[in-house]
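Take a look at the structure set out below.
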Amino acid sequence: MKIIDIQEKTFSISSDIKNAYISFAKMDCSVVAIKTDIKINGENVVGYGFHSNGRYAVSELLTKRFIPRLNEANEKDLLNDEGNNFSPEKISKVLMQNEKPGGHGERSTAVGTLDMAVWDIVSKIEQVPLYEYLAKKYGNGEFTNKIFVYAAGGYYYPGKDIPLLLDEMKGYLDLGFTTVKMKIGGAPLKDDLKRIESVLKLVGDGKNLCVDANGRFDLKTAIEYGAAIEPYNLKWYEEAGDPLDYELNSELSKTYKNGLATGENLFSIQDSRNLIRYGGMRKDIDWLQFDCSLSYGLVEYLKTLKMMKENNWSSTRVIPHGGHQISCNIAAGLNLGGNEIYPSLFQPFGGFPDSSLVENSQVTFPKFIGMGYEKKEKLNTLFKKLFN
Ligand SMILES: [Mg+2]
C-alpha cells in the first residue's frame, strides 16, 4: 500500500468582494491530489485536498518541502499498525519532521491541505463517509447526516447598496438557510447599523444573524460596536479585534453580553489553547471557529478538540470557518455545533453534495463515501480537469 503520485495546482478563487480587512481580488488556493496504488472497483483511490479562502496558495511550501517529505518516506511510516490503511497521525509526523515549534506562518495551511486529502483516502479505503469513520474511531460512535449550517456572505462590494445586500440575503433564505452572516467594520458604524437593521428585518430575529468584523477593530472601536449592536441580540459578533489579541477579546467579553465568535485565524492547538486560557471566551454563549484546513489539518484538530474537553468546553460550541466538506464531516461525526457555508462564493470549493437538502438552516446529506466530493459535480469535474 503506497502513495504513487502527489500533484499540486493553484486555482484562482478571486472575486471583487471585500471584508473589513482585505480584498479578494487576487485570492487563490492550493489544491492537491494524492494517488494511491489501492484499487477499488478497478480505479486507484485518490484523495483530494484544498484550503479555505482567505489565505493564498502555498505552492512552494507544498512542492519544495512537504510533498517531498511524503514522497521520500518509508511505506511503513505512512501506514497504520495493521498495515491495512494509511495513518493520518503518522503522515502528520512525517510532514512535521524538522519543523520547529511556534511561528506557524502558513506551513499550517500546506499541511492542512495534504491532511484533507489523506482523510479522503482513509475513508474511501474504509468505504464509509468520513463522518462515520470519525465517530467510530475518534468519537462516541454516534454520527448524523444532518447538521446546522449558516450562509456566510454580506461582503462589501464596490457600489453595493442595501437593496443588493438584501437580494443576496434573500437568495440564502430561498436556499433553505434561516441563519446568515454579514460583514461589518468596512463602513462607518452608522452605515453598518443601517445595513444590519435592514437584514434583521428580512431574517426576522437577531438569533438568525451573525456579524463579522474580520479582526479590524481596536479595543475602543470593538466596545463601541458591541454597545451599538447589543440590543439586536445577534447570534454572534465575530472577530472584533486581532485574532491574537487575547486581552482585547477578554476585555470585550466583559462589556458585551451576547455571543462572541473567533478562532478562524488561530492555526495551531497552542494558539487555540491560548484563546481558551486568556481570551475570556464564555463556555455557554461564545463560539469557536477553528478551521482545520488552515491549521495543520484534522490530526491537529483532534488534539484541539481534546484540549477543549480538558477545559470543559463542549464540542458543540465549535462552528468551523471555511465552509468545506471536511468540516461538514467533522461536525456530523464529532458533534460540533455545525458549519459555515458560502452558497455564492469561493465555488466550487466548499458546500456539500449537490442533492443535500437544506431546511431551516439544517442540511441533510445524501449517502456518500469519503469526503463526499464525488457527489458535488462541479468540484468533482474540476478535480478531474486539474489532475488528468
Ligand atoms: Mg470570519
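The backbone N, Cα and C atoms fix where each Cβ goes, and this holds for glycine too.
Of the residues Asp212, Asp218, Asp286, TrEMBL puts just one in the Mg(2+) site with Glu238, Glu264: Asp212. Lys181 is the residue from Lys181, Lys190, Lys201, Lys207 that TrEMBL records in the substrate site together with Asn19, Asn53, Lys100, Tyr155, Glu238, Glu264, His321.
Cα distances from Lys181 (substrate binding site) to the recorded positions Asp212, Asp291, Glu340 are smallest for Asp212. Put plainly, the binding-site residues Asn19, Asn53 were compared by Cβ crowding within 10 Å, and the winner is Asn53. Under the three-state DSSP scheme, Lys183 (active site, acceptor) falls in the strand class.
Of all the recorded positions given, namely Lys100, Lys181, Lys183, His321, the one with the smallest number of surrounding CB atoms inside 10 A is Lys100. Within 10 Å (C-alpha to C-alpha) of Asp291 (site 'Increases basicity of active site His') lie the following recorded positions from Asn19, Tyr155, Lys183, Asp212, Glu264, His321: Glu264, His321. Under 8 Å, Cβ to Cβ, and six or more positions away along its own chain, Glu340 (site 'Transition state stabilizer') finds Val149, Tyr150, Ala152, Lys181, Gln289, Ile319, Pro320, His321, Gly322, Gly323, Ser327.
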